[in-house]
């Protein structure tokens, strides 16, 4: 029997791109290809790229160059694959003309066609059964669940719609089947992602689907309720990311706070507010009423006191005045957001914000970002201190002789903080990766917690 062909894989970018990579690798394995852990052991290499900001573009171009140098046979996919150069030609083909093929994002079929052209699939392979959950690039105990592709918004700083297109929602039964397979495979935390989670179903007019004989609308609230019910059967968590602040978000908060879903639909919202001043938000083409946002945040916390709110912001957007930036700082202090990230505005090729007047010098943008983070970290530290002395449920991510590292319901993997857990003193309290344990919090800083089982 001939040896199975081997494909190397490089995955860059956000969790949405990671899911694309998982789907491609799942298909490769289903067709009998092996995945190589090195360039020299691969017959060709697939590079899944990111093209959102300049740093990501350069990282992707460098990765393609490295793969060409080390292997020589490279297929490129992902967001950067859809990007044109200043001359109008494909950017990747212009910089790296020796690549075998280039596709855009969410293009499993096109990638497989390119692989078949340059590395025919085995005719008589002994194919391992691919698990129903597919091939995952995350640890076994958590996984990303992508519910839609694309975005209908046209934020002036963003080029995602030009690369991934308008919103296309996955059928609700398909999403639920994938979620069930993931839970069956041992996943303890499901992270729901998309470009715009709140808009799920808008493109199909909230069409009714069916799962296990029950009708479920293709709508965020209905999907979250169904996922919460399913997660409860497996003692698992569901976490929501990329939740655009539509009014419909208000309907999800009670699912986090009460009834059968409490403890399974996590009291956690990742809501990208981006700014707080109405004029800046208007220039960004974002919802523009900070006072209403504050009212909503207060109402959310009244309904669900344990709610954690994560958000991202942009400092130094074109035309932002010092007064407008101070409004943003006041908003951060008053809203008391738990987890906050901030980017100094950086022009992205193809974004309409590049045409706005009032571009700020690099040093002003960076200085405002630093001031923003100073305020945000102070707010975060105060909120973290309130957890000292409490006993929290923690999902263990790592275990060593020094103890464990895990996360609470308030912490998404890779972007939020962690809990450093002391080694278990008794055999009955020992834990392993993927376990839920009760941890008494003994210390905190602005980002992480410390505790003991």
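Keep in mind that glycine also has a Cβ here, set from the backbone N, Cα and C atoms.
Swiss-Prot has this to say about the protein:
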BINDING   14, 50, 79  [4Fe-4S] cluster 1 binding site
BINDING   151, 155, 158  [4Fe-4S] cluster 2 binding site
DOMAIN    5-120  domain 'MTTase N-terminal'
DOMAIN    137-382  domain 'Radical SAM core'
DOMAIN    385-453  domain 'TRAM'
Round to the nearest Å and give the CA-to-CA distance linking residue 158 ([4Fe-4S] cluster 2 binding site) with residue 50 ([4Fe-4S] cluster 1 binding site). 13
Other than 14, 50, 79, the chain contributes near [4Fe-4S] cluster 1 (Cβ within 8 Å of their centroid) the residues 12, 13, 16, 17, 49, 51, 52, 56, 78, 80, 105
Helix-strand-coil residue split for the domain 'TRAM' (385-453), DSSP-based: 4 helix, 31 strand, 34 coil
Any idea what the model's mean pLDDT is for the domain 'MTTase N-terminal' (5-120)? 88
Of these binding-site residues, 14, 50, 79, 151, 158, which scores lowest on Cβ atoms within 10 Å? 14
What does DSSP call residue 158 ([4Fe-4S] cluster 2 binding site) in the simple three-state scheme? coil
In three-state terms from DSSP, label residue 14 ([4Fe-4S] cluster 1 binding site) for me. coil
Here the Cα-Cα span from residue 79 ([4Fe-4S] cluster 1 binding site) to residue 151 ([4Fe-4S] cluster 2 binding site), rounded to a whole number of angstrom, reaches 14
Around the recorded [4Fe-4S] cluster 2 site, report the further residues of that chain (criterion: Cβ within 8 Å of the mean position of the Cβ atoms of 151, 155, 158; site residues excluded), sequence-ordered. 153, 154, 157, 159, 160, 161, 195
CB neighbours within 10 A of residue 155 ([4Fe-4S] cluster 2 binding site), counting all protein chains shown, number 19
